[in-house]
């Protein structure tokens, strides 16, 4: 093509011709698929380290640990209620019993919450995740409350027993059925007699009771062996060979302190798990909200 013809062609095509020619050259440079036009660009798959899929898998692992911790909390609560609340009627406050019952309640809530969380993640339901988070907060508050109360009461239980235990023995044995049963069980189990010493029974309301066998000097639950071959009640003799001369105060104090320490450690220790759970559920809730919002766009 001569130079004059090329100038004529550029003059007739004008700026649009130049633009079209550049676009055609650019199109030639772009790769094409062998079967037709190139597909439209796809949205990136959510596989990042903080993506919803990763958080969901991590959530299931956490939920398993959370469930096992809840079963441990429930077990400690039930164990305390069944084996260590027999002497609760001898205490002047209900703090010890409340700690055990609240811990057992927290354990039950953990099981319910773990199931709710699994369903919420499986169905990608943000409302269930939100409920899961609030239940975690409630469980955290319950366990932390038990932990704090247990450790505070542990420091004060000695003063409470020193003030009230002797009065309970003296005034309520054979008068209050629950306290009488608790005292008898404690004297048999701990091998003790009286609050501080066996001699306290001489001034007790039980000693003045008409229902008492007049030959008895101490309740039969004080005896090392409650059977007697002579026909007289075993409590008729207060000799060291027949009854222990040590009181129950120190043994009961030791038992209460040890159990309160267990309740406090379990309550405060496992409440930390709920903090991580709340952070994880909030992150997953935000991620799912972003995905749903992006899909709506």
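Residue numbers in this text run from 1 along the chain shown.
Note: Cβ is positioned from N, Cα and C throughout, glycine not excepted.
Straight from TrEMBL, the features:
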COMPBIAS  19-28  compositional bias 'Basic and acidic residues'
COMPBIAS  218-231  compositional bias 'Polar residues'
REGION    17-44  region 'Disordered'
REGION    215-237  region 'Disordered'
TRANSMEM  61-81  transmembrane segment
TRANSMEM  101-122  transmembrane segment
TRANSMEM  129-153  transmembrane segment
TRANSMEM  262-286  transmembrane segment
Original post:
Sequence-remote contacts (6 or more beyond its ends) of the transmembrane segment (61-81), Cβ cut-off under 8 Å?
Top reply: 99-111, 113-114, 117-118, 139, 143, 259, 262-263, 266-267, 270, 273-274, 276-277, 280
Subject >> Secondary structure tally of the region 'Disordered' (215-237) (DSSP, helix then strand then coil) >> reply: 6 helix, 0 strand, 17 coil
